[in-house]
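Visitor: Encoded as structure tokens, here's the structure I'll be asking about.
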Amino acid sequence: MAAEPQPKALTRKPLLLNKVEGSQEVVNMAAIVPKEDGVISVSEDRTVRVWLKRDSGQYWPSIYHAMPSPCSCMSFNPETRRLSIGLDNGTISEFILAEDYNKMTLVKSYQAHQNRVIMILFVLEMEWVLSTGQDKHFTWHCSESGQRLGGYRTSAGACGLQFDVETRHVFVGDHSGQVTILKLEQESCSLVTTFKGHTGGVTALCWDPIQRVLFSGSSDHSIIMWDIGGRKGTAIELQGHNDKVQSLSYAHHTRQLISCGADGGIVVWNMDVERQETPEWLDSDSCQKCDQPFFWNFKQMWDSKKIGLRQHHCRKCGKAVCGKCSSKRSSIPLMGFEFEVRVCDSCHESITDEERAPTATFHDSKHNIVHVHFDATRGWLLTSGTDKVIKLWDMTPVVS
């Protein structure tokens, strides 16, 4: 279901700190350098750049490195200064950055996929490099030897990738809207289960290892929170974007989810509230409020001599209702509906002003966001967009 008009942003807003410009094509991924005033970026223009802030207040490249193919994704480990870069030709190249971030040295390359690498994760604890590609494969390699350890074919091209170090479970989201959970061993993997809740492809995943919660963003504009560890598979839906959700990040210390999308929206969700599952939509041949037949119920239409009505569903109770019995709209933030959605008249009367209080804040970044990176130590958010611009935001007014 397409989201309805976006609510007005609340007074607390992220503060734009700086813009980093100079890329010739889309910046597919970027990251804030910890303990440095710097940014690492990879772009469709085949460049890897390390931007350091100068005395002028502007960011200039201290490293400008051209790769043989467009750079699709990256993973940076600050402890080892290891930079893994995924390319459009299926290769993953690993570099070590110098301590002063003025030089990068190639360590090794893996031919990980048959075509474009979509996501990379470097797991220091296991010395593994995990990746997904447009070739519908998830693979993992040993970062010490460079050997391929194993792989798994997904049902569609995979975009989202997350890993739980404690249990060695990997989460893979794909274009079919499915999330696959695999258990990894040193040289083998086994299928644990799959989740299917989105009507569009999964575009982003985010894992909270403390609460044991997985967030999935989708091209259907929605986010689903899968409570894996706590309540045996509870799924909470969050609706706050007008276009596809493209990147997610989680602030563990405040239990806030940050979602960004193609609509340019930065949405900060308060996850420290008791949220409710959305009800399943009920099936009926007639309105469950006034008993008027729906347009396919020919027998009741003939018997009652009435024209059939169009079926709708109340987002709060899930009942099948006609338009007359669901003429009202309301936001239901605790169910994830920050927008006003269709509810039946009786549910509309039961929703209090307190229950309509927003649980998310909204901000317009003014660019189509393809990736975000959150630095919790400073409260900074990095967004990169299709406009070739990287923006740095101070999120402390919102994430605190």
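We count from 1, first residue shown onward.
Quick reminder: no glycine exception, Cβ is built from N, Cα and C everywhere.
The domain 'FYVE-type' annotation in TrEMBL covers 281-352. The repeat 'WD' annotation in TrEMBL covers 20-51, 195-228, 238-279, 362-395.
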Visitor: Along the repeat 'WD' (20-51), what average pLDDT does this model show?
Guide: 94
Visitor: Thinking of Cβ pairs under 8 Å, which stretch from 195-228, 238-279, 362-395 has the most of them with the repeat 'WD' (20-51)?
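Guide: If we count Cβ pairs closer than 8 Å to the repeat 'WD' (20-51), 362-395 scores highest.
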Visitor: In the repeat 'WD' (238-279), how many residues does DSSP assign to helix, to strand and to coil?
Guide: 0 helix, 21 strand, 21 coil
